[in-house]
Ligand code: TYD
Ligand code: MG
């Protein structure tokens, strides 16, 4: 029989070690290993009927498969990220930095569901009742029949939830503060978080209500401890955004009941989080035309097209050492690759300049389709000439400089046309009939290019012809009429 000695568990990835060490072999993180008491030893020997197991019943694949009935919050942006609302019996993990607005949005959503006549409970382990009430007062939600409690004891919470008839939604704010007294570890440790989440999941499935677990995020941007939770829950949503910006983006990274990579956009106001129905207009609101180093990217976030401004700045390296590469909102490895392709395939010299790249508005872009827009911003900065302010860019760039197809071309173009753009630079499409080349939806002029050089040449030529700065922007790519 296994010895019941203490064990050392990494709080980041959950790996178990036999002794303490500074660095976890599992995930490579430092100082994440904490001593924990082992879970109760399991009964030894083979499991099976002789040990009291019951035979399970197997069924065929045919049968009732009606889509699960959902509870909509009425916050469109949240409902879409959830895949259409909360599914009964499901567990949703909501992660994000402290202060980003997790408690605020969940209180707003819970109060709306409660106001619709559905039993909704909000259990706060972080804040006292009065603090939550104060927030509700500011948000104008005090009339909602929401059930509010402050508790951290999972035993008490479970006992209360067992009593509930017909409950729709339970919010646990946060999973790191609740604890089970049968475990010796402190609240927030992997064992506690895992055991509490398992118990809440069991309750959700048996009592058929939806549970939302709030989880905090570490400096590195992963859910602290609860990373082990991502496997257990049905959906994981991250709440991201810059504290310096009003925008908050709710992103689904896992969803058993909907699409991932779907985003919801909110704006933090003094009345709580407001939905932003047209994020492109918001992200482009502060754009100033006729400035070099800026290009508009027609991107996709989940099922929705989103236009954002990409900004690049080159400045002579002061130190004389290796130049700085600073990126906000994009992958720095991808920037290095793109700069190498620009230098070796298109003879654009970025030289000993420091390069700064920024996605305006605080959005984080993961799509390779942004390559072409980033390249346009870089070339524009390098030649000190603005790109055409009425043009959007999208397309992936390969190592030989070839411009590759990306998904959802039509959706991107339609969004650009809707927001008043007149032209687009995009990958050359394989002729498939349909629309003639060069024409986009609603009269959008298309420059379909096959190589990065096709983007660079007109910009560079224009820069060579005229002194930069005050000159009007040129059409930078030959339009294929
Ligand atoms: P909160 O929901 O408490 O964040 P979390 O639960 O993720 O830690 O959000 C707190 C921040 O939101 C705080 O900095 C104040 C701000 N806020 C507003 O700007 N307006 C509001 O109406 C509310 C309720 C909060
Ligand atoms: Mg909170």
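Just so you know, glycine gets a Cβ as well, placed from its N, Cα and C.
Feature annotation from TrEMBL assigns ATP binding site to 96, 97, 98, 99, 100, 101, 102, 103. Cβ environment of residue 96 (ATP binding site): 102, 216, 217, 238, 239, 240 lie under 8 Å away, each six or more residues apart in the same chain.
According to TrEMBL, the domain 'RecA family profile 1' annotation covers 67-217.
Sequence annotations record features per position, and here TrEMBL assigns region 'Lon-protease-like' to 354-481.
Looking just at the motif 'RadA KNRFG motif' (254-258), the mean pLDDT is 89. Sequence annotations record features per position, and here TrEMBL assigns motif 'RadA KNRFG motif' to 254-258.
Among the binding-site residues 97, 100, the residue whose Cβ has the fewest other Cβ atoms within 10 Å is 97. Residues within less than 8 Å, Cβ to Cβ, of residue 99 (ATP binding site) and separated from it by at least 6 positions along the same chain comprise 243. With the fewest other C-beta atoms within 10 Å around its C-beta, 98 stands out among the binding-site residues 98, 101.
Taking the mean position of the Cβ atoms of 96, 97, 98, 99, 100, 101, 102, 103 as the ATP site, the remaining residues of that chain whose Cβ falls within 8 Å of it are 104, 239.
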